[in-house]
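Residues or ranges marked as domain 'Dihydrodipicolinate reductase N-terminal' in TrEMBL: 1-99. If you look up TrEMBL, you'll see ASP31, GLY71, THR72, THR73, ALA96, SER97, ASN98, PHE99 marked as NAD(+) binding site. Feature annotation from TrEMBL assigns active site, proton donor/acceptor to HIS131. TrEMBL lists HIS132, GLY141, THR142 with the feature (S)-2,3,4,5-tetrahydrodipicolinate binding site. Feature annotation from TrEMBL assigns active site, proton donor to LYS135.
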Amino acid sequence: MNIALFGYGKMGKMIEQIALDRNHKIVAKIDVDTQDIDYSKMDVAIDFSMPNAAFENITKCFENGVPVISGTTGWLDKFEEAKAICTEKQSAFIYASNFSLGVNIFFELNEYLAKMMSTLEQYQVSMEEIHHTQKLDAPSGTAITLAEGVIKNSNYKGWKLDESDESEIAIKAKRIGNTPGTHTVDYTSSVDSIEIKHTAHNREGFALGAVIAAEWIIGKEGIFTMKDVLNLG
Ligand SMILES: NC(=O)C1=CN([C@@H]2O[C@H](COP(=O)(O)OP(=O)(O)OC[C@H]3O[C@@H](n4cnc5c(N)ncnc54)[C@H](OP(=O)(O)O)[C@@H]3O)[C@@H](O)[C@H]2O)C=CC1
Ligand SMILES: O=C(O)C1=N[C@H](C(=O)O)C[C@H](O)C1
């Protein structure tokens, strides 16, 4: 499979390694100053770039008939527009705030727990995410997906960075050293706490998930999620 990497930073380089190990070819490495992109040899594009670059990278691929796996976070104000362009161009698209198998299982667990906790008014939910100091966006895309998973299964009305009132989920974002990504969901009452936590030990899980998604999307048309790729029901 011929893969184009949009964004050749920490994730782009890790994805390259995993793709080569799985016998794929990297036909383009696109960074901020790349001119004259040749889309003709790309079977699939994988975008791990920057919040201000993702939308343009992704939609240009759709316009050139190239399916896209998108892992960039912090650009979702334009998500609906990107999906509409994908549909119009009869292309294929997967966005995931987190491509790792572990986090996608954690997303399911989070929704299941949220359902169980939804009638227990003595508990207040909150979240914490910890990432490396170079991360541009806060809260993390993963934390937003976790919050949306709770909101869908409870009476919480929304989420807020740091402080919130009782009707919202407070998300604390910490930036510490080289932390690859740690997410905690906490339910606290006056008598006890229940916590679920996912800790990434490195970036390999994110990169492997993105390459598996790229292999899966070939020959498909439409908008999919990691739930489809991983058959999580
Ligand atoms: N969904 C998931 O599973 C995961 C998502 N992420 C997300 O992926 C994104 C990238 O993360 P990471 O690799 O750690 O970040 P890096 O900063 O290491 O890499 C981003 C790269 O994008 C490049 N870039 C800037 N502008 C453009 C452009 N217009 N087109 C193409 N490339 C561009 C940067 O180049 P330069 O440095 O020259 O500006 C840099 O090389 C982030 O949004 C992060 O949150 C990260 C891990 C997992
Ligand atoms: O920027 C990162 O590094 C990560 N970003 C994603 C996010 O915002 O959730 C996924 C992962 O946690 C690493």
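Think of each number as a place in line: the chain as shown, counted from 1.
Glycine residues also receive a Cβ, built from the backbone N, Cα and C atoms like all the rest.
Under 6 Å, Cβ to nearest atom of ligand 2: this is the test, and of the binding-site residues ASP31, GLY71, THR72, PHE99 it is passed by none. Less than 8 angstroms from the CB of ASP31 (NAD(+) binding site) sit GLY7, TYR8, each of them six or more residues away in the same chain. Within 10 Å of THR72 (NAD(+) binding site), as judged by C-alpha distances, no recorded positions are found among HIS131, HIS132, LYS135, THR142.
A coil conformation is recorded for LYS135 (active site, proton donor) in the three-state DSSP classification, outside any helix or strand. Each of the recorded positions HIS131, HIS132, LYS135 was ranked by the number of other C-beta atoms within 10 Å, and first place falls to HIS131. Here ALA96 (NAD(+) binding site) comes close to SER70, GLY71, ASN104, GLY209, ALA213, THR225, MET226: these same-chain residues lie at least six apart in sequence, with C-beta atoms under 8 angstroms from its C-beta. Within the set of recorded positions ASP31, THR73, PHE99, HIS131, ASP31, THR73, PHE99 have a CB atom less than 6 Å from some atom of ligand 1.
Helix, strand and coil content of the domain 'Dihydrodipicolinate reductase N-terminal' (1-99), in residues and according to DSSP, is 35 helix, 22 strand, 42 coil. For SER97 (NAD(+) binding site) paired with GLY141 ((S)-2,3,4,5-tetrahydrodipicolinate binding site), the C-alpha to C-alpha distance reads 5 Å. Note: the CA-CA distance between HIS132 ((S)-2,3,4,5-tetrahydrodipicolinate binding site) and PHE99 (NAD(+) binding site) rounds to 18 Å.
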